[in-house]
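Chemist: Pasting a structure below so you can have a look.
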Amino acid sequence: MMKMMRNKPTNLPTAGMTNGGRGSGGGGGGGGRESGGRDLEIRPGGMLVQKRNPDLDPVGPPPPPMIRVRIKYGAVYHEINISPQASFGELKKMLTGPTGIHHQDQKLMYKDKERDSKAFLDVSGVKDKSKMVLIEDPLSQEKRFLEMRKIAKTEKASKAISDISLEVDRLGGRVSAFEMVTKKGGKIAEKDLVTVIELLMNELIKLDAIVAEGDVKLQRKMQVKRVQNYVETLDALKVKNSMANGQQKQSSTAQRLAPIQEHNNEERQEQKPIQSLMDMPIQYKEKKQEIEEEPRNSGEGPFVLDSSAKWETFDHHPVTPLSSTTAKNNAIPPRFNWEFFD
């Protein structure tokens, strides 16, 4: 096939000589051209065809001539040059500049009928120098204002949700860091956990205050679920942290009380149990203390001897030694075996 494709251009002068009666010199000078003087080209299938010139090929039928229409708005006439194949919507957009009315707030009346923006001029019978009337539509204007407010509200809600999402992402990073610390056996300050929970709850309040519809509502719902999941995770970490702190306090308290308990156990072992009231010794220590602590002079002030006082004499009796009385007081009474009767 490649050999055939290469050989075909070499045989062109011969074909030209047979068709046009020219010699080989004329064929060589033509450089692969036909008698008409047009270039030839080989298609991918190997067919030799005449080369096309895109500049000479007709694109389509010529466009129709422009028409001029007159539009009355109030007491003023506006002349607009436009193609008859254009639509009334395109004509309204062209009237926005001269009249200052938004194209959605315009009504075009042609032959006492309101024309739809999608209708074409030539189909509706509009010709050159046709007349129309432009009327401002208050209902359309109100609808457009409501739509603009709705769009602005949606954009504002979307921006607010986007800002909240960034803040939730930042707080989510802290929650992940807390989880890693807990998994490694570390401890987290309860103050830090409470602070992050409060920040997440603030973001949740902001999300609840946003009123949205459609896709923005779905975005808000997704962010609410994220915040709730983070709060639940922090609550679980808070419980684990409090349990760990409680166990640590119990262990430290047990370590402090261990020597005290050992001392109490030793004292209990040293004490002997009292089986009956008869085994309990009678104590005379209190009586002895009262006797010894009683002062000789119970009066107030220093003792003064009066020389004029009359003294009465008594018979002398032998004084019992103090040691014997003290010994008697300190002596423990004998124990008796008492017999009880019903």
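Placement of Cβ uses the backbone N, Cα and C atoms for every residue, glycine included.
Copied straight from Swiss-Prot:
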| type | residues | note |
| --- | --- | --- |
| REGION | 1-41 | region 'Disordered' |
| COMPBIAS | 8-17 | compositional bias 'Polar residues' |
| COMPBIAS | 18-34 | compositional bias 'Gly residues' |
| DOMAIN | 65-141 | domain 'Ubiquitin-like' |
| DOMAIN | 160-238 | domain 'BAG' |
| MOD_RES | Ser298 | phosphoserine |
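Would you situate these features in the structure and describe their surroundings?
Modeler: On the 0 to 100 pLDDT scale, the domain 'BAG' (160-238) averages 91 in the predicted structure.
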Chemist: Count up the helix, strand and coil residues in the domain 'BAG' (160-238) according to DSSP, in that order.
Modeler: 68 helix, 0 strand, 11 coil
